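Novice: After the structure tokens below, expect a handful of questions from me.
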């Protein structure tokens with residue numbers, strides 16, 4: 001028996017068996033298993049007859065042969081280096097009764113038994129072929145990623161009037177006092193108008209009714225700009241009234257189980273864009289606005305968030321375990337905020353506060369979504385540079401950036417500061433609810449990676465919905481009467497529209513390069529950027545400026561457009577002219 005079971009001595013060679021986190025002992029064991037496959041097959045061939053009637057060649061009865069089997073198994077353990085001799089002998093004695101009983105009841109052939117217990121190196125046994133579990137006939141529920149309703153730039157005009165002049169000399173038309181040029185008369189539509197016009201309340205309510213039916217939403221991001229564009233005639237009382245009306249309408253239609261995370265727009269204050277830093281007190285302070293926001297949004301935000309909201313119009317909240325939202329007050333970076341002439345160095349210490357939040361989230365393994373109104377690429381140069389630097393440092397923590405303000409459907413890219421070549425972030429800029437200027441009303445839905453351990457929380461896809469005003473303002477049965485309850489329709493889904501497998505920064509970087517090389521794809525983007533209502537085409541200079549904007553998540557970065565393949569010349573100069 002000793003001679004029979006002796007393993008052959010050969011040089012070591014790499015194991016063909018792959019096991020994670022193997023030790024040197026594991027590798028030695030795998031090698032011996034592989035090299036001793038013929039021996040193992042013979043070993044099982046020797047055991048199988050014993051289980052029925054003993055072994056005639058060994059001249060042993062069933063009970064005595066069990067002892068022989070136990071001895072043989074112990075020898076195999078030793079020869080295959082499974083353990084030292086003492087452990088092999090004792091563990092064989094401990095397990096032999098169960099092993100022999102299982103062996104007696106088994107229907108497997110030697111090759112099958114060897115393959116089952118040792119692996120494919122000594123036999124063939126497909127454990128999946130003979131049987132399968134029975135699953136219930138109930139279909140598998142769909143795997144649905146969290147959906148985020150995104151609203152921005154509502155711009156409700158309390159004075160909007162259907163039938164009024166849609167073309168006027170003022171910055172805002174479609175109002176009772178709008179005066180049209182004597183040579184032209186175009187009337188405002190019932191649901192909105194393609195012109196310098198904002199929206200009537202009925203359109204905002206129709207939007208909220210439709211989105212409520214399209215839900216339920218996991219949560220809502222709402223990035224500001226509630227009042228209309230009548231910036232020359234606004235009062236604090238009017239601003240607060242409109243803030244209250246819209247906040248309560250959103251709460252009413254979304255219901256108590258959907259949390260809304262708002263951000264402060266530049267039109268919330270009056271004068272517009274006027275947001276004094278916290279060191280300004282008294283009547284010139286903006287506390288009148290922040291305090292009302294805290295009151296109206298208290299159903300959505302915890303007290304700690306309301307505290308920083310009252311202080312500087314920004315806050316942070318844990319949305320779900322593992323995901324935090326940071327709402328920034330982008331008015332502290334806006335060139336139009338003349339209070340920054342007093343001190344533009346990190347107003348309200350907001351960016352330093354952001355760093356603390358991001359560091360704490362990084363330490364805890366949280367992902368962060370940043371929301372705000374004005375895209376960072378349109379901010380003051382120094383503020384924008386610092387924000388870009390923060391995004392670079394915390395690229396593994398920041399899972400999404402969501403903005404509005406431009407009223408258009410676009411984005412801005414962030415790249416590694418070292419080479420400005422590796423894409424590491426995307427700031428999504430969603431289309432406006434308002435029609436201002438010459439647009440369809442619209443809203444956005446984001447689908448993000450789900451609520452599970454280790455989720456990336458990245459944007460997987462997004463959809464843009466619009467209200468086609470040409471259809472909504474004209475009922476099929478009458479050219480004069482509008483649709484009583486118009487439907488908001490899907491304009492496009494990002495992955496499908498541009499043939500993308502995902503919406504990672506590298507995908508958007510590739511899309512920008514496609515825009516350069518394929519003008520048909522760029523013109524499609526131009527159409528979707530305007531929510532399906534394009535007023536004018538985009539040719540060479542326009543295209544150059546827009547591509548620079550899309551690539552520039554930092555205001556002073558436009559010169560980096562020269563790095564783009566296929567461009568040359570005074571790109572930064574042309575882009576600045578286009579943007580400014």
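The backbone N, Cα and C atoms fix where each Cβ goes, glycine too.
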Novice: Can you match one of 389, 407, 462, 530 to the Zn(2+) 1 site that TrEMBL gives for 153, 155, 225?
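Specialist: When TrEMBL describes the Zn(2+) 1 site, the candidate it includes is 407.
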Novice: Figure out which of 251, 253, 281, 405 sits with 225, 266, 373 in the Zn(2+) 2 site per TrEMBL.
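Specialist: Candidate in the recorded Zn(2+) 2 site: 405.
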Novice: Should any of the recorded positions 77, 155, 168, 379, 407 have a Cα within 10 Å of the Cα of residue 174 (disulfide bond), which are they?
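Specialist: Cα within 10 Å of residue 174 (disulfide bond): 168.
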Novice: Which site among 379, 538, 542 has the most other CB atoms no more than 10 Å from its CB, taking these as disulfide-bonded residues?
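Specialist: Counting every other Cβ within 10 Å of each candidate, the maximum falls on 379.
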Novice: Would you mind listing, in sequence order, the residues at least six apart from residue 225 (Zn(2+) 1 binding site) in the same chain with a Cβ closer than 8 Å to its Cβ?
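Specialist: Correct list: 152, 153, 154, 155, 265, 266, 267, 268, 373, 404, 405, 432.
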Novice: Measure from the CA atom of residue 379 (disulfide bond) to the CA atom of residue 88 (disulfide bond) and give the result in Å, rounded to a whole number.
Specialist: 73
Novice: Between residue 173 (disulfide bond) and residue 542 (disulfide bond), how far is it from one CA atom to the other, in Å?
Specialist: 27
